[in-house]
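Lifted from TrEMBL, the feature list:
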SIGNAL    1-21  signal peptide
DOMAIN    64-126  domain 'Inhibitor I9'
ACT_SITE  Asp162  active site, charge relay system
ACT_SITE  His236  active site, charge relay system
ACT_SITE  Ser598  active site, charge relay system
DOMAIN    718-810  domain 'Subtilisin-like protease fibronectin type-III'
Amino acid sequence: MVVNFQCTVLVFLVLVVVGKAEIYIVTIEGEPIVSYKGDLDGFEATAMESNEKIDPTSEIVTSYARHLESKHDMLLGMLFERGSFKKLYSYKHLINGFAVDITPEQAETLRHTPIVKSVERDWKVRKLTTHTPEFLGLPTGVWPTGGGFDRAGEDIVIGFVDSGIYPHHPSFATYNTEPFGPCLKYKGKCEVDPDTKKEFCNGKIVGAQHFAEAAKAAGAFNPAIHFESPLDGDGHGSHTAAIAAGNNGIPVRMHGYEFGKASGMAPRARIAVYKALYRIFGGFVADVVAAIDQAVHDGVDILSLSVGPNSPPATTKITYLNPFDATLLSAVKAGVFVAQAAGNGGPFPKTLVSYSPWIATVAAAIDDRRYKNHLTLGNGKILAGLGLSPATHFNRTYTLVAANDVLLDSSVSKYSPSDCQRPDVLNKRLVEGKVLLCGYSFSFVVGTASIKKVSQTARALGAAGFVLAVENISPGSKFDPVPVGIPGILITDVSKSMDLIDYYNTSTPRDWTGRVKSFDAVGSIGDGLMPLLYKSAPEVALFSARGPNIRDFSFQDADLLKPDILAPGSLIWAAWSPNGTDEPNYVGEGFAMISGTSMAAPHIAGISALVKQKHPNWSPAAIKSALMTTSTTMDRAGRPLKAQQFSETEAMKLVSATPFDYGSGHVNPRAALDPGLIFDAGYEDYLGFLCTTAGINVHEIHNHTNSPCNFTMGHPWNLNTPSITIAHLVGTKTVTRTVTNVAEEETYTITARMDPAIAIETSPPAMTLRSGSSRKFSVTLTARSLTGTYSFGEVLLKGSRGHKVRIPVVAMGYQR
């Protein structure tokens, strides 16, 4: 074998020509640490039994890790001249391979080398960008069962692959909490801040590392703004960490107001930081895979990923087998629960960026808190809008002045003065003591203008307040309330903006040149600081990515439901980094209220920590099952969930939500702690799913998993997930599921319902399970009529002791 390999090298070295270097992720033959069973002489097995943690400091593990890295270095050294390549990472724990900066010609050489299994060009990832503990019932329903908020999540380690952390934030401080003891099971390291020479860790934060080799090799990394340390240069990473595991009861203060108290889902969980995302450009898969590999090596219990690919990978056609998802499969094999944001491509179908059954894919909901405000005009009209601001003085009206009418010099129109971003182009004498009217231009959509800047402009000019009027809706416009320190309101309804403009124009006399003779329009701004609580919550957020799930990048529908679950992800208050610039409205602030499935995923990461704390031996699939089967498809008023959707005019409307919007439903933490039954699955089950999925080459599965297809489950829909999806139902199909009783002995009756186009039957009608025992049941689906659309339903297992276990069913009928 060695002779053949060397011959191959000699042939290919002749073919190498110099091209532009790019980053590639390469996997080679041989098991990674997580699955090595001791097949090589001199190296003992490192693989552990299911859900057991590997000790990364043991001599057995470190010896095998050195062996793998030396193989990587030897391969590159034999193939290429020194200086013609740069190895960025060796991946040893979850996958066996490396990231390397080479030319496309060198990549081709690697592809034709016998021990190389796959060569993928690196691609970019992006970020998928309080009150929620009360909304979810944590303080009264869940935390007490774990010993109260001061014990909720105790000693569970959540790893965050994100933009770093601002360690000095009170959400992560230890000075007002009971001291944290050592976390012996976690083996991660703590980098030192190169400027202050202080560690990033404090007991609450137990690990802090950064990964930027691919970003540097691509020329995207700038140490001045990205920070060569785990310091958060963006704000996103601090925000997600605080949502999942921030300290309890932290006052949210901005502009002299307190907007309530913020808390993480699991306030005593430990935080391990793996910075691989950066402001402006996002990140690279090679860095993210290195961060995930290190996190699992270090011993995290849970991974929170508010990150997804910008686009499909260049060579992998199967969604489940890109290097990102394959790495996460090994993480789950190692017993780590993975929560990933679904993506922000909603409300359009097939926009998910999280595909695989071993991942908990999280959609975003709007919770019950909304910030509304209003503008009262001198003609008596009241215009609704958004404005997280104080009111103008009670029982008093103020003169309204439009920015275009108070220019210092008409030649400054090149600066788009109507968006009120520059106080130096407006006449302070004409604005002082009045309400400044500004226009919401496309600059606000793309982020080059901000409401914060409007507020600063108005304050600098001595204005009594400001109004931002939306005159036309740009595609992609998303209007969120922004906290400001002076009275201010955003009028988002174009017709209401027209009412304001008409009133202003008819009340503002002008001379023949168009110059204003007198400002006679008046108005007042209401108090927008107090939120209104809506019983219609939760609703699926407009931006939240939708199913159906796809099995390949030709967008073929998968026999697997995604998203998995819905969690709060809109207008979430949490910690922010003062260095953060990606949200222009929160530059320099300590807190931010932002939206995205990025915010939903850490809610599930934190809640899963509470489940893991109560059930430390549960597998990742068991935790995911508990969250899904106990979720709700009803809002607070007891009505079926609604989803935000575009109307024909591109305005927003509410429609009936389906499992493609919310998965199994909205998370219910209290019920998840005691689910009654679980649908468990492990690594072999996921292999069986891959091996029975149409279009996947057995060789490709082996390349990514080092496992042959010895096990088949007949059809991918037979994977033991807490949902059933058949994308192409011809005639009658029977699906089998296995449930395990994690409570006391209980008898369950099994019922089902489905849209009329599909007939559904279950068997047996009832079954009794002793504690710890497992039983199978079957669900038979028959296509009655061909509608060309998906039909939705559910199977309900109702227990004699009060447990309710519900799984969604999705199918589309086809002709034989």
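Quick reminder: no glycine exception, Cβ is built from N, Cα and C everywhere.
Sequence features annotated in TrEMBL and their locations in the structure.
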residue	record	CB count, 10 Å
Asp162	active site, charge relay system	29
His236	active site, charge relay system	32
Ser598	active site, charge relay system	29
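You'll find the Cα of Ser598 (active site, charge relay system) roughly 10 Å from the Cα of Asp162 (active site, charge relay system). Counting residues per DSSP class in helix, strand and coil order gives 24 helix, 21 strand, 18 coil for the domain 'Inhibitor I9' (64-126). Across the domain 'Subtilisin-like protease fibronectin type-III' (718-810), DSSP classifies residues as 1 helix, 62 strand, 30 coil.
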